[in-house]
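Written below as structure tokens is the structure these notes are about.
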Amino acid sequence: YKYKHRPHTHIQHTILHISPSLLIQKNKKVYSLFLFLLLVWIYLLREMVSATVARTIVGIFGNVISLFLFLSPIPTFVRIYKMQKVDEYKADPYLATVLNCALWVVYGLPVVHPNSLLVITINASGLAIELLYLAVFIYFSPAPRKVKVGLWLIGEMVFVGIVATCTLLLFHTHNQRSSFVGILSVIFLSLMYIAPLTIMSKVIKTKSVKYMPFPLSLANFLNGVIWVIYALIKFDIFILIGNGLGALSGAVQLVLYACYYKTTPKDDEEEEDNLSKPNSQLQLSGSHGEAKRVSA
């Protein structure tokens, strides 16, 4: 009986072991072709229709991918609800995403940067989702942490209010307003993309990808690429810089995954599958699972 089932178990383990690696290493040509065809499609789309229509279509794709990333932490909060406590989970990435989304909502306002409806829709959605996460987090937190997270959240809202007020009162043209808010937005978005560097460093040191879920890395890469294309159709330097860093960060993570997946111990692979569910977190940003255990 054991002999009959060994081949099946061995084959199943082999498939699970090489599948993600094959997705990157063995199919490099497929991914390159996909990206090439995507760029050709965008070019033809722009030639066939107006730049505004092309940008809208690409922006809708970007909204879908970004929404997936915003919703990725749901398993974390399902676990928190079941445990009735936040345990070791941290509020940092959610607070960072709230600030990031709020600034991009201000950036997309018609009085700041006209014709940026899709920037507003996804970041307003992300802001609402992250605030809901924080509400759950605060509800199940002990009293001292409730106060700390609440004060941080109030501080962020005051900061965004000051930014919005200064934007409207001190600057009087769309170019000036979008530059002021855009620079601030890019700075905070860049800081969010720098966070995964600690995870990448750990992957290199341990030669294990258990803290870097493949689906989230791939989604972050695609999210960055889509928004870069969006920024290039009608040139927007701020969206380009912020999401260009995101695409680069995602690409580096995919390369590291291809390099170190095979050297990840079997136990770590199983733990990685578990980590990829409760510890997913966007980015629109880009913060990842390990960020939840950093501070606060």
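Here the Cβ of each residue, glycine as well, is placed from N, Cα and C on the backbone.
These figures come from a predicted structure and were not determined experimentally.
Residues annotated as compositional bias 'Polar residues' in TrEMBL: 276-286. Per TrEMBL, the feature region 'Disordered' maps to 267-296. Summarising the annotation, TrEMBL assigns transmembrane segment to 30-45, 57-81, 93-112, 118-140, 152-173, 179-199, 211-233, 239-260.
When each of the listed stretches 93-112, 118-140, 179-199, 211-233, 239-260 is scored by C-beta pairs under 8 angstroms to the transmembrane segment (152-173), 93-112 comes out highest.
Packing against the transmembrane segment (118-140) from elsewhere in the chain are residues 56, 59-60, 62-63, 66-67, 70-71, 73, 77, 80-81, 83-86, 89, 91, 94-95, 97-98, 100-102, 104-105, 107-109, 146, 149-150, 153, 230, 239, 282, 284: each is 6 or more residues past its ends and has a CB under 8 Å from a CB in it. Below 8 A, the CB atoms of the transmembrane segment (179-199) and the transmembrane segment (239-260) form 3+ pairs separated by six or more positions in the chain.
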